[in-house]
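J.: One structure, pasted below without further comment.
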Amino acid sequence: MRKFLIVLSGARPEILERCPTDRGKFEGIGGAVLTTSVLATISMSFALGSALGLSYFVAVPAGILWGLAILSLDRWLVGSIPAEGRRRWRLAVPRVLMAVLLGVVISTPLVLQIFKTEIDAQIVEIRQERANAFTTERMKGDAGKELIRLRAAVAEQENIVASRGEKAQDPRNDPRFKALTAERDAQQKQATKHYDELQCQLYGGPGCSKKGDGELAQASRDAMNKAKKRVEELNKQIDARKKELTASDKQARATRLESATEQLKELRPQLAAAEEQQRTLQSSFNDENESLNGLLIRLRALNEVSGKDVTLNAARTLLFLLFLLIECLPVAVKLMQKPGNYEKLFEMEARKELMEARTGMRVAARPAPDGAQGRRTTRQIWDAESALDQPPPDPTVVGPPTVLDDPQEHRPGPLPEPLPEPLSESLSGPLSMPHEFGGMEDEALRGMAGTRAPAVSNAARPERTRARNLFPDDDD
């Protein structure tokens, strides 16, 4: 478990093993990161299960995935904050803001779950208010007004039928009376229009090119008289219909009963259709209103219920701040701790890795060796070393004088470079080289035991001279 907490803290275990005193610090940071991820898992599970109504078989796995995401983010936030330096707080500010944002997102579902009872009661009130507002708006609309008119008309006609025509009928609800009245009003407007045209034709005005009692004036006068005559006829019919509706004799009662029966046959289907339309609208609204149980309406209910109760508002604020503090705990713990031995070793390790990377880049950037130099075989290296081991010439032997034009010309050249050391001390066999640096004979030479006699020490060697030794000593 401790190793797991150290991994969550973002520390490198191989470096932390050298600093046992710093393990507790990083275990605490890892515990804070783990606590944050657990709360995030619970919060998302509540949000998906209670607020969105999903099954917990779906909400819990989704909450676990959310918790793992928060775990990764918190681990990155903790690991990316420098241990010390001038840039520490400047780099920490955006990370602290991100931690606060994550804390707000994670803590909100937890607060909603704690105040679930109060929120559910407030949601019921919100639904009732929405239902009342919908009913009011529905009745104020055209469909609502038409429904009210049809209900009143049906009720009046039913009263007339129930009284067998004894009850007088309101002429304003009689279809024939309303039709006659509407036609009379239209004819009255036509008569007024033709009268204005006649005045324009007789006395001039806008739209009249000539004035006088001509053909146009006569046509306007005839149309006006015709409309007035029709208005008078309609007024007589309206008066007669009104008397029929308000009369109390036997014939009037029979007429009202017959009229009411005929109107009911027309009004009742209209009323049924209007009521069915209103029921459909109401049912659709009720389904929508009952389904309002999401996160937004729960937040609204929490705001409303906390605004009415000071104690509830204070408790909500304290719980929110508590969960927010827990969510910001990993970053806060990282910022409050002082750098220790781990940070120093980590910096040294980082510098070492940088130096090794630079060295590797320089070696890789060097040009490849020449073909003639890169193909030196083991036999050539053997011959070069054998030449160095030859004994010096005998100074007692006199040879022909040698004329040296340039003393520098016969000086011995630089010694060949020694063979590279073995890559590992554990290798006891002969140095293995790829075949591209020699043939099969070189492989045989490398497997042979050394037969060369040890070189003569400097004390036993005679002094070198420039004369040649014609009879060298036998080394055997």
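Including glycine, each Cβ sits where the backbone N, Cα and C put it.
Caution: TrEMBL annotation is automatic and unverified by curators.
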J.: When you get a sec, could you say which of 54-73, 294-313 is annotated transmembrane segment by TrEMBL?
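T.: Spelled out, TrEMBL records transmembrane segment over residues 54-73, not the other listed ranges.
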J.: Match it up for me: which of 28-48, 322-342 does TrEMBL list as transmembrane segment?
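T.: It is 28-48 that TrEMBL annotates as transmembrane segment.
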J.: Of 179-198, 219-238, 359-378, which range does TrEMBL call region 'Disordered'?
T.: 359-378
J.: Short question: which residues 6 or more past the ends of the transmembrane segment (93-115) have a Cβ under 8 Å from it?
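T.: That would be 36, 39-40, 42-44, 46-47, 50-51, 70, 73-74, 77, 80-81, 295, 298-299, 302, 305, 312, 316, 319-320, 323-328, 330-331, 335.
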J.: State the mean pLDDT for the coiled coil (217-277).
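T.: Computed over the coiled coil (217-277), the mean pLDDT is 80 on the 0 to 100 scale.
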J.: Would you mind listing the long-range same-chain contacts of the transmembrane segment (54-73), meaning Cβ under 8 Å and 6+ residues beyond its ends?
T.: 8, 33-34, 36-38, 40-45, 48, 98, 102, 106
